[in-house]
């Protein structure tokens, strides 16, 4: 796979974006907390970023489907650079939490969906055969590796310089990634619709894509909630046991486990049906998150974050494959952004909730919430007998999933 120049180019551009996204969450929390003195404001700022990034992800994905990868990303990259500069000025000069939360939300609203564009670019490059699973596993492992490095770099920059420096680097890397993203034949713009009522049909088609993929997306909503809670709770725990520098490597344990799990998953050839495999992965995800509350009582239990991460990358890869399977051509990037939408929406809710709880509740209560969220929703996925139908690429139709009674 890496022998192809196009693959290396794509991974390099995507890697910068993933490194940025691995840094920006912790950088926002530390920067806003330093500016306002409040973990609640920091949590709401991180939540606002994740919420707008998630809720508007499908809109940004549709823009890329219509304009093409490079043009669509450049438009969003310009907006990201502009809003990023405004946010940095506010962090340095203002102590108003409302302004910082609003600017963080605006930054998320224009965040370029490089990950979703990368995954559809892989499909364009290798086709939708057996190589796609290998490519997506490689892509996800790379993403997790950089998610591992991102918080460590952020913690180092915050400890040796300031959180604002870390936030500046994170924003700059995202803009650089957009500028380097490959163009050419990766994906051209979708043909414009010229008939009347096209906006209504686009909305209807988007809803059909969402309904078709919905059961697969719910577990990632729960994972997002867990990540959002940990993004605030782990730095709070770090401040009790060593300062901001240790927050980076603490947060890196989760993607470290995910990287190892993704390498194993991508190395194997799987013959089981995607839906069945996904249900088993969801169940393993719930088991991995269950013991996380122990960390609040005993810091030596931090390796549990590594264990919890082992199934994250395989679950995400399988979810993308399922979503791709039920989505018609011409809407692949938009559909891939629904994965980000659910994950980021969960992250937003988790960050805001965690920021509000850290100030007034014991950390053990906060660390219990990821386990509860992941266990409840992933068990629902396990019990749901979902049989995704392949998309009708030729007709552009999407077959809705059905719930099949369990056999005894």
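Backbone N, Cα and C atoms are what each Cβ position is placed from, and that goes for glycine too.
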* Would you mind telling me which of 5-26, 71-92 TrEMBL tags as transmembrane segment? => 71-92
* To do: For the transmembrane segment (302-323), name the stretch out of 71-92, 98-118, 247-266, 278-296, 363-384 with the most CB-CB pairs under 8 Å.
  => 247-266
* Asked: In the same chain, which residue numbers or ranges, 6 or more beyond the ends of the transmembrane segment (39-59), come under 8 angstroms Cβ to Cβ?
  -> 24-25, 28-30, 32-33, 97, 100-102, 104-109, 111, 113, 116, 206, 210, 224, 228, 231-232, 236, 334, 337-338, 340-356, 358-359
* Please give the sequence-distant neighbours of the transmembrane segment (71-92): residues at least 6 beyond its ends with Cβ less than 8 Å from one of its Cβ atoms. => 31-32, 35, 60, 63-65, 99-100, 103-104, 106-107, 109-114, 117, 164, 167-168, 171, 174-175, 178-179, 181, 189
